[in-house]
C-alpha cells in the first residue's frame, strides 16, 4: 500500500469573491443544499475540534443539526468534549464534501442552546436514540459491550415512548462563527479559498493563497 | 431544508477489543486497506486540528501521505498551520469513512521529517503540484485569482521539470501518536469505541462508552 501515490486533481468547480453571498451563513446554506443535491454521504458530518483537558488539540466527528445565527449540534454535556468546552468554549468545525471537492472551515465560540431547544430536538429523535442518551456515560471506560447492553435493557424497562424525558446532562451547543472559510479544490493544488472574518459588526471577505 | 431530520442508523459492522491488533498503527493500516477496498472517496483525507495563534482551535483537511512509526503529511512550513505547529506541536488527526461507518481519532506530537524525506516525496509529485508549492504564499491574502495565475506563469518560466527544486519552506511532518481511537457506528447511537493509550512504553487498550 503506497499511500503517497494516492492523488487526485480537483477540476470540477472554481470559486471567486464575486460568486459568494455577503453573509457567510447564507453562503453555507447554499453550499449545504448543493451538497445534499450531490448526494454527499453523511452530508451533515463535521469534525468538531476543541482544546483537550491537557491543553492539546482534540477532535471528533459530530452531526450538524441546525444552522441559524450559528451552527447547532447536540451531545452529552458530561462527555470529554463537554468538559473541554466547559473549560474553553472556542471550537472549530470542518466540513469536507469530496463529491464537490469542497471544504468549509468555521471557527467561533460555543454557547449552550436553551433547554427548550434541547427538548425539541430530543423529542424529535427515534426512541432508540433517546434511550441511547440515557444509557451512555460518554467517554467513560467500559468493561465490555455486554455492560452497555445490560444498561440498555435496564433503561428500556424504566421508560416508555410516552414517559421518556431528556437527560439533564444531554443538550445542544450553538457555535457563533467569527471566521468562515470556503475552500474549492483546483488543479495542481492551486485551490480557491474565500474567507469571511467578523470585524466591527461586519463580515469582511478576502481571498487567501492556497 | 430541515437538517435536524437527517439521520442514519449505523448497522453494518461492530468492533470489540478481541477484534483489534495489539498495535494501533497495524490496526490503522488494516482499516485503511479496508477503506481503500470499500472505495471510500478521498480515503486519505483527514482533519488536522491544531491550536491557532490566538489560542483557539483551528483545523483543516490535509492528505495523509504515509504511515510508519507515525502519520506523515506535507505542507508549507510558513503557512498559518506551519506557524501554529512551530508554537505548539501537538495535533489531532480525524479520519471519517462513512462508507464503513468508521472514524479514527489520533492525537500526538508533530516533528518535521528529514529534508531527504521531503525531497523524496516532493520529487514524486506531478510537475504542476511542484510548481504549485513555489507559487503559493499559503494563507496570505491575495487580491485576485489573476495574481496567482501570473505568479504561476512566472514560476513556470523559471523552472523546467529537470531543474525544479524543493522550496526550502515546503516539507513534511510526522505525527507520533500518543492515543488512537477506533470508532465503529452502531444502532441507536450506541457506537463501539476502542481506544489505545501509550503508557510506560506500552499500548493500553480499553473500550469507551459511546
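Just so it is clear, glycine is given a Cβ too, placed from its N, Cα and C backbone atoms.
Among the candidates A:65, A:81, the residue that TrEMBL annotates alongside A:7, A:8, A:9, A:10, A:121, A:125, A:129, A:189, A:190, A:191 as binding substrate is A:65. The record from TrEMBL ties A:60, A:61, A:62, A:63, A:64, A:65, A:74, A:75, A:81, A:103, A:138, A:139, A:193 to FMN, and of the options A:97, A:183, A:203 it ties A:183 to that site too. Closeness to chain B is evaluated for the binding-site residues A:62, A:74, A:191 by Cβ distance, with values under 8 Å counted; no residue is counted. Per Cα geometry, A:191 is the residue among the binding-site residues A:7, A:9, A:125, A:191 nearest to residue A:183 (FMN binding site). Helix, strand and coil residue tallies for the domain 'Pyridoxine 5'-phosphate oxidase dimerisation C-terminal' (A:170-210), in that order: 3 helix, 30 strand, 8 coil [DSSP]. When Cβ atoms from all protein chains are considered, those within 10 Å of residue A:7 (substrate binding site) total 13, not counting its own. Here the CA atom of residue A:189 (substrate binding site) lies 26 Å from the CA atom of residue A:60 (FMN binding site). Residue A:81 (FMN binding site) carries a helical DSSP state (H, G or I).
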